[in-house]
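Over in TrEMBL, the protein carries these features:
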- HIS124: active site, proton acceptor (ACT_SITE)
- CYS132, CYS139, CYS204, CYS207: Zn(2+) binding site (BINDING)
- 175-185: compositional bias 'Low complexity' (COMPBIAS)
- 1-332: domain 'Deacetylase sirtuin-type' (DOMAIN)
- 162-189: region 'Disordered' (REGION)
Amino acid sequence: MASRINNLAAFHQKLAKADRILAICGAGLSAASGLPTFRGVGGLWRNYEATDLATPEAFASDPGLVWLFYAYRRHMALQALPNAGHHALAALAKKNPNFLCLTQNVDNLSSRAGHQQQQLHTLHGSLFTLQCSSYPSQCTYIDKNNTLDPLCPALAPASASASINPPSNDPPNPSHSQPSNPIIPLLDPSTPLPRIPKSHLPHCPQCKNLLRPGVVWFGESLNPGMLAEIDAWIDQGGPIDIVLVIGTSSVVYPAAGYAEKARTKGKTSVVTVNMEVGVEVDDDIEEPRMMWGKGRGRKRRQEEDLVFQGGAEEWLPRMLEPVIGVAKDDGTYE
């Protein structure tokens, strides 16, 4: 049996026959652009887990701290550039009108790569959308594509810190010399941060309540209208030939469920592109069983599924080359 791991020829055979393609993207897609994932070793921000700050309760308790975290992420995303993975998916959208991309990323790098908006759903919102903190129950103010950096003087330290000494998600290597740049107090968890008065933070121009990042926080629901559009696309357009699961461990719902929801048994190939892929070793079979997801959502890959282990920026241009061609010197496509 041909290997289902890193088998470009097998994928290209499937791609040649494919019409409807769905992509589900996670933080791993943007890793090559230098954006921290705030997960794993070195993934803290001032000793806070992202889950400590990305909640309505955290914002209600200390909106200044939460805004500093998001101002830092906004600045990092503005400094980053779309990588080869983003550009390859954007090129596929232009070539195939029956391709839909669902991204969990809030960094806007897919849009900046030229991904057509009608073929892109940002499941968790955007760092560059501002909305009233009472949206939508009391106030409907929303400001999209706001790239002002910093948003206000009180948040300027976040931009300065991101520029001078961005953290790495990699563990420190004792054999490498450490950077000489001093750590700015914002990024040094041993230095207390003065609490930012609410009056110094961005406010809604309509109702004067605080503005908040237009992202989906833990405990909040995704946009129901967007979810309805995705469900309609999956259910009403015929079988989906390929589901690309890119840079995600498939543990956050509802994104984690779309691969199986889109699957038509014997027809759909779920193709995973990730730095880490799950395998189960069984002495009674020649090839390890390939798994995807974690915990209770962990599923065995089907016979028609494939896995590519490595970065999306490495694999996607090669995987999609028969459709999108070869990138130009600047990384974009015709």
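Heads up, the Cβ atoms here are built off N, Cα and C, so glycines get one too.
Around CYS207 (Zn(2+) binding site), a 10 Å sphere centred on its CB holds 15 further CB atoms from the protein chains shown.
Annotation for the binding-site residues CYS139, CYS204: lowest Cβ count within 10 Å of the residue's own Cβ, CYS139.
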